[in-house]
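Asker: Supplied in structure tokens, the structure appears directly below.
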């Protein structure tokens, strides 16, 4: 039984219906179709309704859901049946088959493709190349066979016009090793004639619409199908022919067709199209061809002589009894008939050759049972369903006979399976009433009395035997048969025509056949001239298709078997082949005639349910016991409903545990106990168990979730603890390793010339980043201390000033005089710069000391001659003296008379440029800044004193006043305030300038520098 879905989707298995009636069956089928559930079980049979839309239920995830699972574990699906057939084949080494049946448009071809897709997906897990090659050929063969064997009909856009049975061979590992394809009754009459609204085979339209211009030119074809008599009927309809042609070409190459073979295939297709356009006319005594160019094209495409081709189309070679050979000319009707018969035979033999060529590629080669183990088989049968048209001819007669045989096999195997299972389990078998269609099968195939025998007898009779004569013979011999009638036997039935129609009461319903054309189609005559013409072709592929053409004209052979007898023999062989396998069934239903995904035609579907025998299938399955399951599986599913079996039972066998479940619920009168299975008589018992199980599942799920979450939490906790332990030990190791590496690298730094400054520090672990920075800082301090302790105390002031300048300028000024000794008080050495005598200098110094002594300073921070602006914005040479208390502007020419004194506390910042000029601005709180250009002196004209001034001031402010002095380094210009007014100071280089000097500009002042 399938896993029960919600009641809103109906019952997933028809066996579980409350009552087995057509009404309940149809209501359940319709409900599931409307809810998007296109698959329903009847035991192990899948009923499939064509949805006429794409459903996302065939992907990889769905395949994994069904892989290796039992039928009852998942909702109904094609994959469930495919997996069941595969498991039976693999586990029990049992040959199995999947029979897909239903009428045209019910979805048989798509079902077979999905089954092949599933088998390909679940096999060859090790991706062995030879197995993958076999799988690819098996899958690609579908594409080729659809192109050459399918056509658009009024009922189906991709209708299979032939029956296909494919055997897939598997090795002992369950991997496909090869296969074999049998084809049955290709509808070759479609090549020359189609019903209104239908098309010829896909292959013709694909080559016309999808072939390249070069290909069509080489085949003498035009792209429009309307240009050809055999394809003009379906010229307006298109089924993505261009894309399909590319897919077919690719598939042919994957399968292994050579370029020459592919070329021959399309030459034959084009030959058939050209044949259809041949016209015959009579000149009184003889029939002649209209259009000799077409004959030449046919000759070229078939690699034959034009004259031989023309003679085969216009004449028939006959051998007389005396061995004489004569040529008999055709009349127009005979010529047209011969042309069409030749076209049909060409296509039929091409299709048979393609199937044979595929078989030669996929057949199992070099198989040795002793070496490779047992070779098992899964067969997939995709064959035409029962057909009832407005005009039913010989093809429908053969197709419906085939369905009668398959229905007979279906009922026999289902009954046999049921009876065998009852006997194996020791359950008493009860006789089941069902319709046995053996009487209909005998009506068709019985020797000497059946319809096929009557047709063969009429074909063998000498003289002119017509279809009407054959119908009279059937009326005489079968007039008393309960399933046969005609207008002559029932004159009052006006639904049949006199001398034309007869009716067979099939298991699926009454079908009226028109006897017109029966004898010709049964004889399937083809003039021997065409066979010899093709055998003598220089195209070896074409020659291979016509081996019977090698016979001499005068050679006497046995009369060939008729088409009906050949088909009967092939169907009997097919049934025998299926009977020895374990069968699985897919019964396809077409919901409506307009291919709508929304419409469910009750009458149409009920008719199909009837002729597919689905209701009888349900009755057979439910006869006696509707449901059976092994004890272990039953116990596994329902053990939670009994206190004696949950969570595990303590009884000696599973059967005793199952009896405890049944007895606790009071179902002992509704069950029977087999040797390995429990048999349940009515679905109501099962539903009661299911309802109780469904009520308990949420409680059990919560309990299991609680236990499992606890287990997961404990596992996570243990893992986290282990992780943290490992992390702690690893961190400890990394820390120690870092210490060891630092110790190794810095072990000898005391003896190095640079005290370890060039030693590269190892990268620390994240936990030691802060410690690493502190250690580096300590090493730098130690390194500095090692350097400083060798410096004399008298030089420490200069060192501090240079360090302060380095920090203040931040590398933005390249040259700031750090490489020379700083004198600071350059006015003390003013004689060298101004050329004074020693006596004069002494007088100046005494005068300067007398002038500034009253201001009480303890240290001169910096002094220097400068160029600066006066009160009237004129530039003058002055002296700048900076002490630890004040800043002085002095007049050198007046014995260094103090012109202006500013408290050092009012200085709030310093601005310099990043160039080599000596311009410095001292910003004051009163917004009356001091702007000077330091003069370098005559002895050292390139001496930079800006760094010395900046370093001395910033060191003093930081060390004495504990206040940082902001220093701004500008690239070309900076802002100052003079008498409270903002001024912009820029720097320019002037070639004609001899000395640095300030010049007034529009926004302030410009320092003009001589060209270096």
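Cβ from N, Cα, C; glycine included.
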Asker: In TrEMBL, which of 548-570, 571-593, 594-616 is tagged region 'Actin-binding'?
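Answerer: Of 548-570, 571-593, 594-616, TrEMBL gives region 'Actin-binding' for 571-593.
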Asker: Most Cβ neighbours within 10 Å: which of the binding-site residues 102, 105 is it?
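Answerer: The residue with the densest Cβ neighbourhood is 102.
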Asker: Write out how many residues of the region 'Actin-binding' (571-593) are helix, how many strand and how many coil, based on DSSP.
Answerer: 9 helix, 8 strand, 6 coil
Asker: For residue 108 (ATP binding site), just count the other CB atoms lying within 10 A of its CB, please.
Answerer: 28
Asker: Given the ATP site residues 102, 103, 104, 105, 106, 107, 108, 109, which other residues of that chain have a Cβ within 8 Å of the mean position of their Cβ atoms, reported in sequence order?
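Answerer: Checked against the 8 Å cutoff, the neighbours are 50, 156, 159, 385, 588, 590.
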Asker: Who sits close to residue 103 (ATP binding site): which same-chain residues at least 6 apart have their Cβ under 8 Å from its Cβ?
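Answerer: Same-chain residues close to residue 103 (ATP binding site) (Cβ under 8 Å, separated by 6 or more) are 155, 385, 386, 387, 588, 590, 608.
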Asker: Just counting, how many other CB atoms are there within 10 A of the CB of residue 109 (ATP binding site)?
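Answerer: There are 23 of them.
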